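Presented below is the structure to which this report refers.
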């Protein structure tokens, strides 16, 4: 997730616009002439300052910075659609490693891009493999451990994304040349790729596919790694194991089964809002006053307190997953809306920037919970497909988010009002979903239709 964060936030520093002025003497008549008349004031470079006729992304060309960011999120959308079902059919590990390999390759293409077109296209392909790989790696992490640890591992996984934003800001502060920054932030992917070959396949996925012997081997491997003695382990055949004449469950099952249909529609909207508000506020860090690198670091570090808070609340019977996520989304909405009532010069404690950071903290907590919550609502055979469809809708929010800060030309508070209304609507819709706290995880679609999955099960399963 640290590597994923660096790739996701790359455009915030690589696409930053430094202060500049254009000589009034001899008005440039072409892009080639512009380079002789423009002077940038800050001590860093970006794709905006690149000395080439196809760059200099200012004035009429400024939209290309937001376009490159939107292309990345459009790639994420495609990656979420394709990688989820692929990993449900081919396995978590091979799809994850393939995605990480191509993520590293296209990351280096981004750093070495000779022109804007190559840069933009590479960002699109980075988005495809980055989004797909990140989704599969999250599911793989969850399926290595028992359900009682899902809130912890899910929160810890998303926490490292927030830390990754701060790490990227530190790298940007130390490396001011944008090409070197892109190279340095992409290189950890090589290390993670080599380490990933040591990972076993998901035992839950193997079990859901009827490969009980292989699932038993993985569980033995995990037990030995935890310092346990060799166990006598024999798994019962999964109730959802496919016969040879059956096809694997696909995305259409999310629509065909009433128990999943409305849940999927509501979750798609919630994911869209979480992404829209989260990335909108994150990318807006580059627009805030003050030190660019400090703003980006704070936008990541402000999320850190949210994770222990949501980990505590989602495990309590009086709050659970549903109520906690609804409250965080509603609070995020109000925090954004209240910025319209504050003057820009009201001071630090009453500044719109502080409220925006509070909104970022709340929506990041909701984003963390929705990953855990969604993975618990879907059975193992459809978990990646369900997460993939929800993440697909999430990416529409990411595609639109880079353009919302430009609405401040109407009024400085307009972007925050848009984020606020979105957060409130998603928060109230969350209350329509069922609670998953203390409910067993379904392995197959048949399990969802079983009465024991429709009620809370407090006693420990045999």
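Even glycines carry a Cβ here, placed using N, Cα and C.
Going by TrEMBL, these are the annotated features:
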type	residues	note
SIGNAL	1-16	signal peptide
DOMAIN	9-438	domain 'Major facilitator superfamily (MFS) profile'
TRANSMEM	62-83	transmembrane segment
TRANSMEM	95-114	transmembrane segment
TRANSMEM	120-140	transmembrane segment
TRANSMEM	152-172	transmembrane segment
TRANSMEM	178-199	transmembrane segment
TRANSMEM	262-281	transmembrane segment
TRANSMEM	326-342	transmembrane segment
TRANSMEM	354-373	transmembrane segment
TRANSMEM	385-404	transmembrane segment
TRANSMEM	416-433	transmembrane segment
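Among residues of the same chain six or more beyond the transmembrane segment (120-140), those with a C-beta under 8 A of the stretch's C-beta atoms are 1, 4, 7-8, 10-11, 64, 67-69, 71-80, 82-84, 86-87, 92-93, 95-96, 99-100, 102-103, 106-107, 109-110, 113, 154, 157, 199, 202, 371, 375, 383-384, 387-388, 391, 395. Contact count against the transmembrane segment (262-281) (Cβ pairs under 8 Å) is highest for 385-404, out of 152-172, 178-199, 385-404.
Panel annotation: around the transmembrane segment (95-114), residues 3, 7, 10, 52, 79, 83, 86-87, 122-123, 125-126, 129-130, 132-133, 136-137, 140, 179, 182-183, 186, 189-190, 192-193, 196-197 of the same chain, lying at least six beyond its termini, place a Cβ under 8 Å from a Cβ of the stretch.
Across the residues of the domain 'Major facilitator superfamily (MFS) profile' (9-438), the predicted structure has a mean pLDDT of 83. If one looks beyond the transmembrane segment (416-433) by at least 6 residues along the same chain, the residues whose Cβ comes under 8 Å of a Cβ in the stretch are 262-263, 266-267, 269-270, 272-274, 276-277, 280-281, 322-323, 325-330, 332-340, 352, 355-356, 359, 362-363, 366, 373, 377, 404, 407.
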